[in-house]
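Feature annotations, reproduced from Swiss-Prot:
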BINDING   LEU118, GLY122, HIS123, LEU124  (6S)-5,6,7,8-tetrahydrofolate binding site
MOD_RES   LYS227  N6-(pyridoxal phosphate)lysine
SITE      HIS226  site 'Plays an important role in substrate specificity'
Amino acid sequence: MFENLKKADPEIYESMKRELKRQQRNIELIASENIVSVPVMETMGSHLTNKYAEGYSGKRYYGGCEYIDEVETLAIDRIKKIFGAEHANVQPHSGANANIGVYFAMLKPGDVVMGMNLSQGGHLTHGAPVNISGQYYKFYEYGIDKDSGLIDFDEVRKIAHEVKPKMIVAGASAYPREIDFKKFREIADEVGALLMVDMAHIAGLVAAGLHQNPCEVADFVTTTTHKTLRGPRGGVILCKEKYAKDIDKAIFPGIQGGPLEHIIASKAVCFKEALSDEFKEYQVQVAKNAKALAEELIKRDFKLISGGTDNHLILLDLTNKNITGKAAEKRLDDAYITANKNTIPFDPNGALVTSGIRLGTPAVTTRGMKEEDMAIIAEAIDLCLTYDEESKARTLVVGLTEKYPLYEEYNVMD
């Protein structure tokens with residue numbers, strides 16, 4: 001594979017080769033990353049990238065789209081089946097585009113919206129001042145209870161009744177517990193607000209029935225396809241049928257032009273995988289591994305925000321380890337453990353330094369690791385962050401990654 005690239009552009013080939021070796025060598029604990037299957041990867045690199053297909057199935061602005069229509073329809077039908085959704089738009093290029101698409105469809109500049117505070121687990125597109133969402137719309141932030149580490153629904157209700165938002169946004173990028181979407185629905189109904197759920201991080205768990213399905217209560221549900229869903233980089237919007245025309249118009253021609261049909265095809269492949277029993281078993285293991293890793297870290301005197309996890313991610317509070325999130329990320333990377341610094345709720349260090357590390361188990365689970373391997377990973381993390389023993393940690397990491405190859409099917413690059 002990639003032999004033509006090797007001849008045509010050896011510089012890019014070598015960079016790709018080094019990146020593949022890094023992925024094989026390292027333990028990947030970034031909660032938003034995963035490892036796609038070979039069929040998904042093959043579809044992304046296919047001739048479907050040659051085709052322009054502005055519009056939607058049966059209503060394109062270019063000729064020759066009959067087979068593209070087949071592909072996009074399959075993707076739509078499959079994801080609707082996974083989540084029991086009434087309508088799906090699979091064209092968003094990213095989760096951010098999916099979120100902005102919903103806002104563009106249903107809000108006007110200056111409308112009042114509620115979203116989770118970024119430093120307490122939310123996402124940039126949920127109203128952060130530096131993001132277009134926070135500049136075009138008037139966002140009010142809710143957060144978590146300082147003692148429990150859980151979403152403070154009393155605060156959510158209080159703010160909602162005070163500001164009367166047109167929309168409430170639920171969902172998070174660094175929240176380790178199950179989110180009660182029904183409670184968000186109750187509050188939204190009390191103030192006459194629309195409810196949008198961003199389930200980008202937990203979509204795979206929802207698909208497997210391991211988390212509340214927001215499609216049952218929300219007006220709009222957005223997701224990425226590359227995290228726990230284990231597909232290509234992209235986004236999706238799910239909504240009630242009554243909003244379908246508004247959503248489709250907002251994506252095209254509203255904020256995007258031609259869809260990426262090679263990516264939509266690989267989304268369809270990913271969705272077929274997500275309908276399988278094997279995928280459900282995989283998600284069960286993702287959750288088991290997260291709990292096992294959390295328990296092993298607690299044994300080693302690590303503090304976890306909320307005291308544990310209900311999903312695929314863990315948020316470490318490093319304030320008792322005398323190390324910042326930024327320094328911890330670097331030290332872990334030196335030991336071949338990839339993670340990301342992350343703010344913890346009420347973080348004194350700010351977003352560039354932070355006091356926390358976010359960990360996730362989707363990628364290591366895809367490689368085949370189980371609960372007993374989480375104990376080894378926890379030991380490696382402890383060696384790095386408590387004892388500054390990166391060399392010993394590297395030995396543990398290499399032993400694991402050599403045991404669990406990235407792609408067993410074939411040698412991707414020589």
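Glycine residues also receive a Cβ, built from the backbone N, Cα and C atoms like all the rest.
Since this is a predicted model, take the numbers as computed values, not measurements.
Sequence features annotated in Swiss-Prot and their locations in the structure.
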{"residue": "LEU118", "record": "(6S)-5,6,7,8-tetrahydrofolate binding site", "Cβ neighbours (10 Å)": "24"}
{"residue": "GLY122", "record": "(6S)-5,6,7,8-tetrahydrofolate binding site", "Cβ neighbours (10 Å)": "26"}
{"residue": "HIS123", "record": "(6S)-5,6,7,8-tetrahydrofolate binding site", "Cβ neighbours (10 Å)": "23"}
{"residue": "LEU124", "record": "(6S)-5,6,7,8-tetrahydrofolate binding site", "Cβ neighbours (10 Å)": "16"}
{"residue": "HIS226", "record": "site 'Plays an important role in substrate specificity'", "Cβ neighbours (10 Å)": "25"}
{"residue": "LYS227", "record": "N6-(pyridoxal phosphate)lysine", "Cβ neighbours (10 Å)": "27"}
Measuring Cα to Cα, how many Å separate LEU118 ((6S)-5,6,7,8-tetrahydrofolate binding site) from LYS227 (N6-(pyridoxal phosphate)lysine)?
19
Cα-Cα separation of GLY122 ((6S)-5,6,7,8-tetrahydrofolate binding site) and LYS227 (N6-(pyridoxal phosphate)lysine), in Å?
16
From the centroid of the CB atoms of LEU118, GLY122, HIS123, LEU124, the recorded (6S)-5,6,7,8-tetrahydrofolate site, which same-chain residues not already listed sit within 8 A by their CB, in sequence order?
GLY115, MET116, ASN117, THR125, HIS126, GLY127, ALA128, ASN131, SER173
Can you tell me the CA-to-CA distance separating HIS123 ((6S)-5,6,7,8-tetrahydrofolate binding site) and HIS226 (site 'Plays an important role in substrate specificity'), as a whole number of Å?
16
Using C-alpha atoms only, work out the spacing between HIS226 (site 'Plays an important role in substrate specificity') and LEU124 ((6S)-5,6,7,8-tetrahydrofolate binding site) and round it to an integer in Å.
18
